[in-house]
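To start, the structure itself, in structure tokens.
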């Protein structure tokens, strides 16, 4: 029977419609926004070192987000922060803003906010006392920039939602992390350890996002290694190895994926905009000699944004390197050594002649922490590029999510009994052990504490009791942890530690993300992943199979320190001593995640659970504000204090320095802008920005001549990259000064020109 042409066209239309829905079943959007924050005076979050005060920028911090949505159904949001961890109060305020914008579209259920665990970002943005002691309390600038950056990254992702596909790939990266507590890991059952080749997880899982018309738009990956390539004495804001990897990959993609990824040629996307000058050195020097340093002068506040290299108006490729179960994983891969003798540290306690302060891990670039950051970042970047280029497994299936708040200070947990059967035990109010104060080999503590201490000592117990003496029930519950700080029961001036924690599952087809509010150790993460994967497969083998990918997103939605296995907890190294809720903490997580998984499989709605507190109105800040900025008589803000040498020539790999009279960076955070720019002279006599303070090759360093001085200076260091084009360059500084009456004025100044050959 003949088919009429209109009917044939209608059938063809339906087939094409079905095909398009099959090929591009998701809407996908990505976004990215600056969260660098105050680059001066603020204590850095991570090492709890009160002397580690920000004084410049290594490269900028960002919030990177993706949204994956069913066209007429569920959607999930994942935000990766170049920050030490997520914060409960940040999450609360972000969700409030999203509700004001979008109603119930984005809520605590389907939004995950995760930190990469850099130890080189401004602190003071968490709400619990324990985590803001060294930052002199709450720092409003740190908090505001993170909240705003997360919101803006999600807004960008929402506004860029378009039909697309997501692909997943995974592979092993072997040399970017080592176990920093191997004696603790060895306390896990031998039969369990025998299932794994390594004592840390080596697998990176990457998701590649592809727009149906525009092509690749981003990638997010999860891999476990600590953000501690930068040391506890570093004072420059840095995304550490994961932030560096993200910068490298975004530049690699924006540069057309053509640049080599060798260690000598970190990808740059901007060199192609510079005209290739003659290689005649004398001619270039003659040109450079005509451009002397400029006097400091007032500029429009937005000029630093307009002249930055990575223009915010352009569609971005967003690449995020997310954290996983990194609890006992160090990027300092050369091992741990005593700084006085050079000998390896004690295996069980990580001490040197009984002192923890002398035992440090060495990164692959030792003794250069910036080089270690580059190497570990580059390793992750190269692995991600390989997975990105070979990603062919398409994510297909439902979008789903589950979320619950739980009171971990008093949770009933069912555990097996030694003689068979089971019994119900409880988690404990939060407490930290003596081993916590010893620190780790990435950042040792002080005094006479040591890891692996399950006894404590009389003197420090007396000191502890001044704050709070733990009761007998708490002591029994936390055993064998000797309690140093009973933080869960300390409530003055407000809560010292969290009790109510969020747990969350996000599903994108065969990818399942377990959002956890802390740092799982390697084996703890393996147990959780394996338990939930097995549970999902057994619950619905048609919907879930062995081909599913389960990843842990660490430090997500809030922060509650560490989660060690029962056996690791017994050893009481740093990770066990920092497992707040007692020896059954991991079992509690597995139990409660199974409840989320049950709800995910059956499409159930779980009770919301007890609400975490909003302590914003109770916060105390002791950080003094900027009072006034000044310069010596006859000097303007932005004037050059120390210029580049006259008629100077630099080769690739050499460093160029210029120092300017400046104001405090807290006056203007230069969000989505830059304090420092390297400009090149283009044909026609126009200067074009080619590097800024978001580049790995450039460092912005700020200092005062004395602690209470109102004068300050900014030194900009540029190590000429291998990819730099020969030509005439200069260094420009942007800043802001505060008058005695409180007004803020923006300024700029530039160095004399110099030649790169």
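Keep in mind that glycine also has a Cβ here, set from the backbone N, Cα and C atoms.
Computed from a predicted structure; not experimentally measured.
Feature annotations, courtesy of Swiss-Prot:
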SIGNAL    1-25  signal peptide
CARBOHYD  311  N-linked glycosylation site
ACT_SITE  330  active site, nucleophile
CARBOHYD  348  N-linked glycosylation site
CARBOHYD  657  N-linked glycosylation site
About how far apart, in whole Å, are the alpha carbons (Cα) of residue 657 (N-linked glycosylation site) and residue 330 (active site, nucleophile)?
33
Other C-beta atoms that fall within 10 angstroms of the C-beta of residue 348 (N-linked glycosylation site):
16
Around the Cβ of residue 311 (N-linked glycosylation site), how many other Cβ atoms lie within 10 Å? Please give the count over every shown protein chain.
12
Could you tell me which three-state DSSP class the residue listed as 'active site, nucleophile' falls into?
strand
Including all protein chains shown, what's the count of other C-beta atoms within 10 A of the C-beta of residue 657 (N-linked glycosylation site)?
16
To the nearest Å, how far is the Cα of residue 348 (N-linked glycosylation site) from the Cα of residue 311 (N-linked glycosylation site)?
51
Between the Cα atoms of residue 330 (active site, nucleophile) and residue 311 (N-linked glycosylation site), find the distance and write it as a whole number of Å.
35
Taking 10 A as the limit, how many CB atoms besides its own sit near the CB of residue 330 (active site, nucleophile)?
24
